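Novice: I am attaching a structure below and will ask some questions about it afterwards.
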Amino acid sequence: MAEVKREIFGHMPLEDGGGEVEKFVLQSDSVRVEILSLGCIIAALETRDRAKQFADIVLGFDTLEGYTRKHPFFGAVVGRVANRIAKGKFTMDGKEYQLFLNNGPNSLHGGARGFDKVLWSPQILPNGVCFYRLSPDGEEGYPGELKVWVTYTLTGSELAINYRAQTSKKTPISLTNHAYFNLAGQGSPDIYDHEISIEADSYLPVDDTKIPTGEVVAVQGTGFDLRQPVQLGKHLKQFHLDGFDHNFCLPLGRARRLVARARHPPSGRTMEVHTTQPGLQFYTGNNLDGSLKGKGAAIYPKHSAFCLETQNWPDAVNKPHFPSPLLLPGEEYNHTTWLCFGTA
């Protein structure tokens, strides 16, 4: 059974609505996690290496101020729709909806003030914490009043993240957590010595604004074939890739399945990702540029972390042949992702 503690982390600036931000610490014998009531942010995640030494393996900030300034969604739950919507537009039942454009010509991760930038109401559970919020009808341009619950539970070396939602009107929804990982420990300069594998037979090519072209392409014979573990640095060089920021198409079905594995051979730390979601966005921190001061005054240069974001496929609301992101009144959105930590 994990131990759960709560403490005050800080207070939101008045221009952001004020309010107290709490930090919840979940701890088992092998994993320690800190989660904020702001954006359900995973602010720290400590796991052991093969010498039993703990290190914090997620990027973030020491103080609330870092999270209230502009940052690339470190550790946060993003929504109402994770990833990109082309031109910030979609049409549903004959009505066009226009969203805020916050990523070039597109809308990204819920818009100007998405789920990552708001306070959630916490409830402590025996081995975790459940966060709730009501997203008003029309928030960031999305239709319907949306009730959302995000629950973190820690069991031994496994952190489960469950997302549930109910809506008053038909609306697109896709929720994920945007933690940035470095299994050598946050603040380590790069992830080139990590081994990564992803259980996906196909991926989505993108245009120059990172919107899927609509094609679903087999990974076989391409640099996107990660079905066997690859060493990231060597692999990027071999295929002349600047990095990954792509959706991998997972086997369909609602059951829990293993979809990705990361391993850091020097420390022995491993992480497995299991999920019920149809997609996995693999991102290698291509836009990190060393300008942000992180925890312990660490700087975070390009390729100093990776994200494995379980979610629906990007721009699915505009692509009828992609898995539908639409939630109807009376239905429940319910997905779970499990992060399993160990050594090898």
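Cβ from N, Cα, C; glycine included.
In case it helps, TrEMBL gives these features for our protein:
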type	residues	note
BINDING	N83, R84, H178, A179, Y180, D245	beta-D-galactose binding site
ACT_SITE	H178	active site, proton donor
ACT_SITE	E309	active site, proton acceptor
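Help me picture where these features are in the structure shown.
Specialist: Close to N83 (beta-D-galactose binding site) in the fold, though at least 6 residues off in sequence, lie L108, H109, S174, T176, N247, Q281, E309, Q311, N312, P314, D315, each with a CB less than 8 Å from its CB.
With a 10 A radius on its CB, H178 (beta-D-galactose binding site) counts 22 other CB atoms from all the protein chains.
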Novice: When neighbour density is defined as the number of other C-beta atoms within 10 angstroms of a residue's C-beta, which of the recorded positions D245, E309 has the lowest density?
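Specialist: Among the recorded positions D245, E309, the sparsest Cβ neighbourhood within 10 Å belongs to D245.
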Novice: Over the residue list N83, R84, H178, A179, Y180, D245, recorded for beta-D-galactose, what is the maximum interresidue Cα distance in Å?
Specialist: 18
